[in-house]
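Here's the structure, in structure tokens; my notes come after.
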Amino acid sequence: MRFFTPKYLFLLTLPFLHHTKAEDVLFTDAVTYCAESKAILIDSFQIAYHRANHSVTFSFSLASVESNLNVSANIYLNVYGIQAVNQTLDLCSYFAGVICPLPQVNFTGYGTYPIPLKYTSKLPSIAWHVPNIEAYARVELLRQGSNEIAACLQATLSNGWSTRQPAVMWVSGMFTLLALLVALLHTILANSPSPAQYRWFDILYLFQSAGATGLMHLNYPSVYSAFTQNFHWALGLLSSRGEQSSIDKLRMKTGGHLTSEAYSDVQYIDRQLSPYNTFVVNMNDAFQSTSSLKSFIAENSFKPRELIPSLDSRAMIPSTIDQNATTDLDTGIPVYVNTLNIPSANAFDTVFFVFLSLCAIFIATHALLFLIVVLVGRYRPKTTWAVRLRNMWWDFCFGNTLRLCLLAFLPILIFGFFQFKTGDSGLSIFFAVLAILLTLVPLILTVYLSFLRDRRPSSTAPDISALYTSYKWFHSAGVLYRPYRQTYHFFWFAPLILAMIVRAAFTALGPTSAWVQVIGNLVVEAVVFVSLVVCRPHKDKKGDWIVSFLSACRLVVAGLMVAFIPSIKVAAIPRTVIGFIMIILFGVPTVILFLGLIWNAGYGYLWRRRTRRIEDGLEVDRFVASDNSSRQAIRPVEIDEKSNQPDEGKNDKIDNSNVDSIPVSSNPISTTFPAESSHTALGRQKSIIEYSDVPNSPLNHERNRHSTAQDAYDEVARGGGVVHGPIMNRGLSNTSGVSGTSGETRYYTPGTYSGEEGEYFHE
């Protein structure tokens, strides 16, 4: 088992990481203009810094459109807020003077410039090994004599490592899908006590929370910002170029006016909320880049032809726009979605169409499953799971509908509220209202009806909530309250669903004040955590422990985000360290939930087979007749009259072939007994009676032992058992549904009953 240690699991992820050779090189990741280019048009530009020889190599393709233009180049390098390089070069002394003045033709050049040790010593050592290094370079071409800017380029730099990995996205997505499939399997096969039926949402919500933490107006470190983008799928941000084009046309035809362009994160260099923010960089604030390109990657060579072939690419550098044309609205959600190549104006529509796709998959999957159930029931009618699923089909569908509402609830709220804030297309606003109603109304209706049912006393079990005795309700709405004790059956809605609503409001509707967003989310997580610790609402200690731990991790993450508030001005390196801590706080729960999924997959079948509670549906089996009028044939079990114990030997010899032919009274018949022999149904008398079933029974080969006469009555009253042998009843009064005489087989319909020694049958 040594191959499953964290060390080996980390090694398995190495093939998925994009990396360079071990020469420690910072190379160009993306390039844009940083000022409007008038005298010089630049086609491509790449720069790299080599740690081995402390030199900068660069290559470019440009054209001069102004005659007699002599320029010098200023090279500026910033790493984690540290000004590592700031040097001006006289280009006339390079390239044998052929570029002085710059020719009015398109040409390509390259060169190397050694960096003095006094500058390179300022570079932090983590720059060569930490993913998503916060480093950028700027090159300004200055007119000789006047020092006016003739051209300005800026480029983000990379060391080849990143926390944004396609492997993480796929593994987390498949993990969640597997958890959901296991939950559905336990729902289909039997009355399973496994927590897998509801733990899938804890897994999904963990990834949704990780993604949502990257949506606020904060100065995130690049390492954490890239990490949150691994979970864009959990927020419904899945799109294609064709889909975005269709959404653009749809918006424009319905009153949309916002831009349909998507910008990458390179445009936020030196902006107010930027991971590359230094607060001291001397740049022209009147200009701002608008789009990015992927340049070819310079390794440690000096000539373009010697670069790694797979990294050799060239593209046009786009023009710039005035930085003042974009405001603080472009931080938070717009930054997140733009990095995914989704225009911020299209954010909600993208989520909505993903939701519609999930609805279509839901309908198609259930239609296919129903067809399978029908075919199995026709050709293999004794298949237990198919018969049971057919009987509870609509309950199963309604329960899964509630699961679908939970799955899409948080993304639709966040981006629906964001759509209300931005306005734009009238149709998009209508879609936002529709989607919120489709997900919220079923949940509100369910919790309301659950309260009404819980307040209704049960005639058969006054001490047990009707939510846990109703077969249909438990297997439909029960998917929401099944994890909780009877007293806290509402806990899934208050505080959890309410907390999601408030959190979405702070994230999407809140002002651009980072303090309001962070403190608001922090208070919400604190309220949830305190309520979990104080109430301990789950049906077992393991549930209380795992959910409280998940809540504590979210609470700590919300607290650590205070360090990303721009006004606090935490330095770049401490912010990066905090970002790694937050990544760990999401990684550890993921490992725990994965181990829990493995355990819960076999829970109730491979292990803990006899561990059932009222909250697991134990009482549903006994009181199924109260909600299901269908008649089920029950195989009788003989009870030894001397020992008052089940006689397994006789039970094995019983011929069950004619059980269905036993006459059954379809109407209740009242019978009056002498007062001295009349007993109340609540009388307690120690007796052991065991019931078995046949394949068509909801019990599904499950034996339930009951230790009181009350239990015996409950079993007969619910329409599920045949009892042979004496039953000692005390004080039955107000009897109904009784026929026959003492010593004969008695037939019962649901209701109270009385009698002396005899044999009883009830359907």
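Backbone N, Cα and C define each Cβ position, glycine as well.
TrEMBL annotations: computationally assigned, not manually curated.
As written in TrEMBL, here are the features:
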SIGNAL    1-22  signal peptide
DOMAIN    24-164  domain 'ML-like'
TRANSMEM  167-188  transmembrane segment
TRANSMEM  351-376  transmembrane segment
TRANSMEM  397-420  transmembrane segment
TRANSMEM  426-449  transmembrane segment
TRANSMEM  490-509  transmembrane segment
TRANSMEM  515-534  transmembrane segment
TRANSMEM  546-565  transmembrane segment
TRANSMEM  577-603  transmembrane segment
REGION    634-685  region 'Disordered'
COMPBIAS  637-655  compositional bias 'Basic and acidic residues'
COMPBIAS  656-680  compositional bias 'Polar residues'
REGION    724-763  region 'Disordered'
COMPBIAS  731-744  compositional bias 'Polar residues'
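Residues 13, 16, 194, 196-200, 203-204, 207, 230-234, 385, 389, 396, 399-400, 403, 475, 479, 590, 593-594, 597, 600-601, 604 of the same chain, all 6+ positions outside the transmembrane segment (167-188), place their C-beta atoms under 8 angstroms from a C-beta of that stretch. The stretch from 351-376, 397-420, 426-449, 490-509, 577-603 that makes the most Cβ contacts under 8 Å with the transmembrane segment (546-565) is 577-603. At the 8 Å Cβ cutoff, the transmembrane segment (351-376) and the transmembrane segment (426-449) share at least 3 close pairs (sequence separation 6 or more) and count as touching. Among the listed stretches 397-420, 426-449, 577-603, the one sharing the most Cβ pairs under 8 Å with the transmembrane segment (490-509) is 397-420.
Beyond the transmembrane segment (397-420), the same-chain residues lying 6 or more positions past its ends with a Cβ under 8 Å from any Cβ of the stretch are 180, 183-184, 187, 201, 204-205, 208, 212, 215, 234-237, 333, 347-348, 351-352, 355, 358-359, 362, 366, 428-429, 431-433, 435-436, 438-440, 442-443, 446, 475-480, 497, 500-501, 503-505, 507-509. Per DSSP, the secondary structure of the domain 'ML-like' (24-164) breaks down as 14 helix, 76 strand, 51 coil.
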